[in-house]
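Participant: After the structure tokens below, expect a handful of questions from me.
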Amino acid sequence: MKIAMVGSGYVGLVSGACFADFGHDVVCIDKDESKIERLRAGVMPIYEPGLAELVAANVKAGRLSFSTDLASSIEGAQAIFIAVGTPSRRGDGHADLTYVYAVAQELAANITTPTVVVTKSTVPVGTGDEVERIIRESGTEVQFAVVSNPEFLREGAAIGDFKRPDRIVIGAEEEWARGVMREVYRPLFLNRAPILFTSRRSSELIKYAANAFLATKITFINEMADLCEKVGGDVQDVARGIGLDNRIGSKFLHAGPGYGGSCFPKDTLALLKTAEDYGSPVRLVEAVVKVNDSRKRAMGRKVIEALGGDARGKRVALLGLTFKPNTDDMRDAPSIAIVQTLLDAGAEVVAYDPEGMEAAAAIMPEVKMVSSTYAAVEGADAVALVTEWDAFRALDFARVKGLMNAPVLVDLRNVYDPAEARSAGFAYSSVGRV
Ligand SMILES: NC(=O)c1ccc[n+]([C@@H]2O[C@H](COP(=O)([O-])OP(=O)(O)OC[C@H]3O[C@@H](n4cnc5c(N)ncnc54)[C@H](O)[C@@H]3O)[C@@H](O)[C@H]2O)c1
């Protein structure tokens, strides 16, 4: 089957490469010429484990190609995916659908054979209706259907998630479109990945509900962590104690500096806007957004506290900047607010991140980026472990302590055992453990 993927970012590129790996004939389209040029030269625009190899193998096999020209690329495609960005609209938090509708307009003007237009971008309820209207009002006589197929992959584990999903959600109103989607996902169907067919609107809402629920789970355990610090509990024991209950589950119960990334912050905000528009408030999610926002700066204050309450003239080393390990994505990373809090308090900030420094440097020009963990900690008055990259999981404590100006370690990901860190001579603090 021929598939066109419009938008070759995290989702479009990973999905396109995986569909090609299933045996489909895939063209990934992007209007960013330099991105397409780099992809054609085998250079990945993002860091995602295994992606370069997957892309190379499928290009070599002749199943995957890249283009900036939508009109010629979509010819004969039975499924055309829209995988462009839907960032928060400045000012009101609504999902900005400009890119999605621009693609719909281009498709309206260029489809020539029957096709299913599949929205993979995360879009508010009713967007599929609008995409359908745009295409229909263009007066096209070509048969088409608009389907919702939200993506649940996680950056850093995207290929595994795409190929072995917990479920595939497809919101389609027409039976023939469901048939095309079954073909698209047939290899996964054979692997018995559950495919859930729903209405288009339910499917659109499922994506937001899933992200809001996960954001709630993280925020819940973060507040339990704060309480643990007050009452003398250990949040990891609490998380394990509740997570072993099958009704709760152990995932997403890791206390930390608050959720960030390209999805949760913008998707929770967009859900609030939808709820407001429809007069059906989601108060729980409202609270989650507020609590998480204030948490990121609170983590900066935690570092200042570890410095004795005054950060002026102190040097703080941050280990990790990306919102999670195994990605170079800096969108809404908690490190941004932590850095700002430290700079506001007069600290000098040095950082090392295995993959995120290029993107981070553009966002936080005041931070001095260095090329290794040990270069970062040199002369530091405090080290804050912000992102739990594997590279930070087995620090040579003696070496770190020897290089630092003062042995203060703030572990915002609870990577280390407090007793061990303290016996190595660190003034150690973490999240939800005393
Ligand atoms: N990143 C994730 O982990 C993730 C996971 C699930 C869902 N999503 C959703 O998937 C969507 C895409 O996210 P992303 O992270 O891949 O975004 P991204 O910003 O990495 O990629 C979007 C790409 O679309 C391209 N684009 C924009 N307008 C275009 C047009 N008219 N024609 C062709 N290309 C165009 C951009 O140049 C860019 O390369 C969003 O709605 C997001 O919420 C993302």
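Residue numbering: from 1, along the chain as shown.
Any Cβ shown, glycine's included, is placed from N, Cα and C.
The NAD(+) binding site annotation in TrEMBL covers ASP30, LYS35, THR86, THR122, GLU155, LYS266, ARG331. The substrate binding site annotation in TrEMBL covers PHE152, LEU153, ARG154, GLU155, LYS207, PHE252, LEU253, HIS254, ALA255, GLY256, GLY260, LYS324. What TrEMBL records for CYS263 is active site, nucleophile. The domain 'UDP-glucose/GDP-mannose dehydrogenase C-terminal' annotation in TrEMBL covers 317-418.
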Participant: If you draw a 10 Å sphere around the Cβ of ALA255 (substrate binding site), how many other Cβ atoms fall inside it, taking every protein chain shown into account?
Facilitator: 26
Participant: Taking the Cβ of CYS263 (active site, nucleophile) as the centre, count every other Cβ atom within 10 Å, in any protein chain shown.
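Facilitator: For CYS263 (active site, nucleophile), the 10 Å Cβ neighbour count is 26.
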Participant: So, in DSSP terms, is LYS35 (NAD(+) binding site) helix, strand, or coil?
Facilitator: helix
Participant: For each of ARG154, LYS266, ARG331, count the other CB atoms within 10 A of its CB; which of these binding-site residues has the top count?
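Facilitator: Answer by Cβ density within 10 Å: LYS266.
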Participant: Measuring Cβ to any atom of ligand 1 with a strict under-6 Å cutoff, which of the binding-site residues LYS207, LEU253, GLY260 qualify?
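Facilitator: If the test is a Cβ under 6 Å from any atom of ligand 1, the answer is none.
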Participant: Between ARG154 (substrate binding site) and ARG331 (NAD(+) binding site), how many Å separate their Cα atoms?
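Facilitator: Just about 14 Å between their Cα atoms.
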Participant: Considering only the recorded positions PHE152, LYS207, LEU253, ALA255, CYS263, which residue has the minimal Cα-Cα separation from THR86 (NAD(+) binding site)?
Facilitator: CYS263
Participant: Where the distance is taken from Cα to Cα, which of the binding-site residues LYS35, GLU155, LYS266, ARG331 turns out closest to LEU253 (substrate binding site)?
Facilitator: GLU155
Participant: Work through the binding-site residues one by one (LYS35, LYS207) and point out the residue whose CB has the fewest other CB atoms within 10 angstroms.
Facilitator: LYS35
Participant: How many neighbouring Cβ atoms, not counting its own, are there within 10 Å of the Cβ of GLY260 (substrate binding site)?
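Facilitator: If we count other Cβ atoms within 10 Å of GLY260 (substrate binding site), we arrive at 24.
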Participant: The domain 'UDP-glucose/GDP-mannose dehydrogenase C-terminal' (317-418): mean pLDDT?
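Facilitator: Value for the domain 'UDP-glucose/GDP-mannose dehydrogenase C-terminal' (317-418), mean pLDDT as a whole number: 98.
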Participant: Say you check the Cα of GLU155 (NAD(+) binding site) against those of the recorded positions LYS207, ALA255, CYS263; which is nearest?
Facilitator: CYS263
Participant: With helix taken as DSSP H, G or I, strand as E or B and everything else coil, how many residues of the domain 'UDP-glucose/GDP-mannose dehydrogenase C-terminal' (317-418) land in each class?
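Facilitator: Summed over the domain 'UDP-glucose/GDP-mannose dehydrogenase C-terminal' (317-418), the classes give 34 helix, 18 strand, 50 coil.
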Participant: Could you give the Cα-Cα distance between PHE152 (substrate binding site) and LYS35 (NAD(+) binding site), in whole Å?
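Facilitator: Distance between the two Cα atoms comes out at 23 Å.
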Participant: So if I draw a 10 Å sphere around the Cβ of ASP30 (NAD(+) binding site), how many other Cβ atoms end up inside it?
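Facilitator: ASP30 (NAD(+) binding site) is surrounded by 23 other Cβ atoms within 10 Å.
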